[in-house]
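These features come from TrEMBL:
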{"type": "TRANSMEM", "residues": "B:12-31", "note": "transmembrane segment"}
{"type": "TRANSMEM", "residues": "B:38-58", "note": "transmembrane segment"}
{"type": "TRANSMEM", "residues": "B:64-83", "note": "transmembrane segment"}
{"type": "TRANSMEM", "residues": "B:112-135", "note": "transmembrane segment"}
{"type": "TRANSMEM", "residues": "B:142-165", "note": "transmembrane segment"}
{"type": "TRANSMEM", "residues": "B:191-211", "note": "transmembrane segment"}
{"type": "TRANSMEM", "residues": "B:280-303", "note": "transmembrane segment"}
{"type": "TRANSMEM", "residues": "B:315-338", "note": "transmembrane segment"}
Amino acid sequence: MLPFLKSWKVLCLFDRKAYTQQVHKRGEFMELIIGQLFNGMSVSSILLLIALGLAITFGLMNVINMAHGELIMIGAYSTYLTQNLFIDYLPSSMFNWYFVLAIPASFLIAFAIGLILEFSLIRFLYGRPLDSLLATWGVALMLQQLARTIFGAPNVGVKSPTWLDGGWMLMQGVVLPYKRLFIIGLVIVTLFAMYLYIYRSHAGRRMRAVMQNREMAACLGISTRRVDATTFAIGSGIAGIAGCALTLMGPIGPALGTYYIVDAFMVVVLGGVGKLVGTIIGALGIGLTNTLFEFWTTASLGKVLVFLCIVAFLQWKPKGLVAMRTRSLD
Amino acid sequence: MQLRTLTPQRIYILIGYAVASAALFSAPLFMSDFRLNLLAKFLAFAIVALGLDLIWGYTGILSLGHGVFFGLGAYAMAMYLKLEASGDRLPDFMGWSGLTQLPWFWKPFESFAFAAAMGIALPAVLALVLGYFTFRNRIRGVYFTILTQALVIITVTLFIGQQAFTGGTNGLTGFSSVLGVPLSSPDTKRMLYWITVIALLGAFVLCRYLVKSRFGKVLRAIRDGENRARFIGYNPAVYQMLVFSISAGLAGLAGMLFVLHVGIISPFMMAIVPSIEMVLWVAIGGRGTLIGAALGAILLNYAKSEFSTSYPDAWLFFLGALFVIVVVFLPKGAVGLFGRLKFPKRKGQKHEQVSHSAV
C-alpha cells in the first residue's frame, strides 16, 4: 500500500542496517562513501531516464504528462511479454538474449502508444498545462486499470538474463552489481542518442526552433504539429526504456509508474526545461541528496529534507537550474 | 452586477438558496441515520471543494495538496478525540511503539478548543509558509502544482514513518466521545450533521463575500493576467498567499468535521489520489462558480458511494474518463454547461494565450 517507500527500498543498493553494522565492525569509511555514491548514481540514472521525456514535452508543448508513469509501466510489461514469448516459442538456450530485444520492443510500444495519446488527446491541450495535467491523470488512471484487467493486480516478476547476475568487486566490501552498471550504461547510451538527436540532427534542430519560438518556427515552414507528435512519441519511448530497465530492479505491477513520477517531476522543476544538461544535473542532484539524506536520517525524514532543499533552491533560481533565455514575460 | 436590484433572476437564485438550506437543515427528519452520516461526510467534502474553487476557479492556482490540509485538520481533531478516548492512559499505539509518556506537542490537544483552533490554523499557516516561499518568487502554474504534489508525498511518508507520534499506517481511530458526549449516539450524529450544515453555509457565505468583494476582483485579475495585475500596482503574491491560506484553512475545517463523522483518519486519506479527486469535484461541478464546486463534491461522492463498492474496476475507468471528458469538453464543468444554454459563451482560452504573450 505504500508504493513510493517500497520503491526506494528497491532502489536501495545495500541493506542499510546490515551495511552500517558491517562498517562499524571494520570502521572503513571509504566503502560507505563509495557505496552510497554508487547507490545515488543508480537512483539518479533511473530518474534521469524518466525525467528526460517529461522535460522535453513540457519544454516543447507546455504539456504536463501525468500518464508518463504509465508509459513506464507499459515499457515494463512489454519486457515481461517479450520474456514470455521467448519462453514459449524459442529454445531455452536463446532465453538469455531476450533482454536485447526487449529494449527496442519497449521503446517501440511506448512510442506507438505515445503517438496515439498525442493524436487523440494531447493536441487539444496545448498551452493549457494545468488542464493537460488533469486530463493525462485521467488517462493514467484508465491505463493502470487496463493493466490490472489484462495482467492482474499482483506484481509479476521478470527474470533477468544470467549474464547480468553477479557484480564487479571494486574493493573489499564494495560490490557493484552488473544490473545497476548495465542500467547506468543504458542511460548513458540513451542520453548520447538524445544528444545526437536534439543537437546534431535536422529533426532536432526543428524541435529546438519550435521550443524557442513556436510562431516564428511555423512561419519558417516547420510543421509544428509533426514536431510535437514526434517529440511526444520519443519522450514516451524513452519512458518505455526506463520501464524496461526497472524490470531489472524488482517485480513490476500496474502502479509501477506512480512510484517514480513525482520525483521525476521534481527533477524537471529543479533542472529547468529546454536543455538536456539541466535535466542531468537535476536528476543527479535529487538522486544523490535523496540517497544521502535517507542514509543519514530515515527514509521519511530524508524525503522532507530533500523537499526543503528543493524549495530553498528555488528561492535562488525560481525557474530551475537551466532556464531558456527569453524576452517574453510569461 | 454591482447594482443590488432584485431582478427576477436574482429572486429565483435567492429562493433556490433558501430552499436548499431548508432542505439541508430538515434532512434528519426524513433520512436514515446511515444516509445522514454519508450526507454529512459529503457536506464536509463540499467545504474542501469551496476552498479549492477559491484558489483554482478564481485565482488560477491548482493545488494538488489539499489532501494534506484536509488531513492536518483531521489529525488535529483526531488527536483530541484519541486523548479523550484514552482518558489518563497513553494512547494505545504509542505504547506499541515504545513511548512511555505523552509527547509534548500532544499535550495541548487535551483541550477541545485548542484542537479546533489548530485544525484550522495549522493548515492555514503551512499554506502561508509554502505560499510565501513560492509565490514571492513567481513560482506558479504547473511548478507550483508539482510542489504541492510533492508536499503530499512527503507528508504521507512522514506520517507513516513517525509511527509513535501519528499512529503510522493505521492512522488514528477508536474514538468514543467528544466533549463528554458519546460519538455513536444518533442524537450526537444529528447534532454533528447540523454543525456541518452550518459550517458549510458559513464557508459558502464567506467565499461568496470574498469573490464578490474587491479582493475577489483582484483574484480574477491575477487569474486572467498576473502580470497586468502586477503592473496596475497590485502585488499578486500577497493575494495568492492569502487566498491559498484561506483555502487551506477551509480544508482543515472540513477535515475536522470529517473525523467527527467517520471516526478514523489515516495517511491514505490525504494521499495523492484523494487529493486529486478533490480537484475533480471542482472540475466537474464547475470551477469559478461556488455552487458548482459544492454540488460537484456532493454528487460525485454520492455516485462514488453508490458505484465504487459494487463495481470497483468500472469505477476507476469511469473516474479516469470523467477527468478527460470534463477537462477537454467541459472546462467550465456541469454548471458551465447549464450556463451555456442561457448565456453566450466567453471567448476561448486560445485568444487569451495569444494576448498574454503580447503583454
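Just so you know, glycine gets a Cβ as well, placed from its N, Cα and C.
Note that TrEMBL annotation is computational and uncurated.
Ranked by the number of CB pairs under 8 Å to the transmembrane segment (B:64-83), the listed stretches B:12-31, B:112-135, B:142-165, B:315-338 are led by B:112-135. Highlighted: of the candidate stretches B:12-31, B:38-58, B:112-135, B:142-165, B:191-211, B:38-58 has the greatest count of Cβ pairs under 8 Å to the transmembrane segment (B:280-303).
The transmembrane segment (B:38-58) makes no contact with the transmembrane segment (B:142-165): fewer than 3 of their CB pairs lie within 8 A, with pairs spaced 6 or more apart in sequence.
Between the transmembrane segment (B:191-211) and the stretches B:12-31, B:112-135, B:142-165, it is B:12-31 that has the most C-beta pairs under 8 angstroms.
Long-range neighbours of the transmembrane segment (B:12-31) within the same chain, counting only residues 6 or more positions beyond its ends whose Cβ lies under 8 Å from a Cβ of the stretch, are 39, 43, 190, 193-194, 197, 200-201.
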